[in-house]
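Chemist: Sharing the feature lines straight out of TrEMBL:
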- Leu17, Glu22: substrate binding site (BINDING)
- Arg107, Leu108, Gly109, Arg110, Gly111, Lys112, Gly113, Tyr114, Tyr115: ATP binding site (BINDING)
Amino acid sequence: VIDHPKYQESKRIAIFLSMPDEVQTEEIIKDIFKQGKECFIPRYKPQSNHMDMLKLSSAEDISSLALTCWNILQPSDDDIAREEALAGGGLDLIFMPGLGFDKKGNRLGRGKGYYDTYLERCMKHPRGKPYTIALAFREQICESVPVTENDVPIDEILYEDC
């Protein structure tokens, strides 16, 4: 991931804080800060499909985040001081989680449509849609995954031995 050309050229990067069953992102987050890039993480709104990408000030900033009912760390709702990526300069790159992927760029998420809805919002930003890379385990790569017209294909899937 760290040597990927899209990562190297990106300045504003959104990345998920991994759950135990996902590719672990902690070292990538540390490298984002080490290289002087800007790091944004998701804040999900429960009972909706709305998500914002909020700026982290450092890798250590993660320890100050609240734990949601889904057991995900994220900035609390009353944390209004953080920059939202689309309110500022947009994003260059989004690293995306998922449950399953196919080689056509289709992604099976957890069913709420947060990332698809966010990517639709990105397309309306002057900067346009950021490059999207899914981080996956080889076992998550399928022949095909079910999609709807609202699903936004991802640009690339990185997994072991891809």
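Note: Cβ is positioned from N, Cα and C throughout, glycine not excepted.
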Chemist: Taking the centroid of the Cβ atoms of Arg107, Leu108, Gly109, Arg110, Gly111, Lys112, Gly113, Tyr114, Tyr115 as the ATP site, which other residues of that chain lie with their Cβ within 8 Å of it, listed in sequence order?
Modeler: Gly98, Asp116
Chemist: I'm trying to understand the geometry here, so how far is the Cα atom of Arg107 (ATP binding site) from the Cα atom of Leu17 (substrate binding site), in Å to the nearest whole number?
Modeler: 18
Chemist: Measuring Cα to Cα, how many angstrom lie between Gly113 (ATP binding site) and Glu22 (substrate binding site)?
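Modeler: Cα-Cα distance, Gly113 (ATP binding site) to Glu22 (substrate binding site): 18 Å.
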Chemist: Return the residues near Gly109 (ATP binding site), defined as same-chain residues 6+ apart in sequence whose C-beta is under 8 angstroms from its C-beta, sorted by sequence, else 'none'.
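Modeler: Long-range Cβ contacts: Pro97, Gly98, Leu99, Tyr115, Asp116.
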Chemist: Which residue, of the binding-site residues Glu22, Arg107, Gly111, Gly113, Tyr115, has its CB surrounded by the fewest other CB atoms within 10 A?
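Modeler: Least crowded of the binding-site residues Glu22, Arg107, Gly111, Gly113, Tyr115, by Cβ count within 10 Å, is Gly111.
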Chemist: Compute the C-alpha separation of Leu17 (substrate binding site) from Gly111 (ATP binding site), stating it in Å without decimals.
Modeler: 18
Chemist: Note down the number of other Cβ atoms within 10 Å of the Cβ of Leu17 (substrate binding site), including every protein chain shown.
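Modeler: Total other Cβ atoms inside 10 Å, all chains included: 18.
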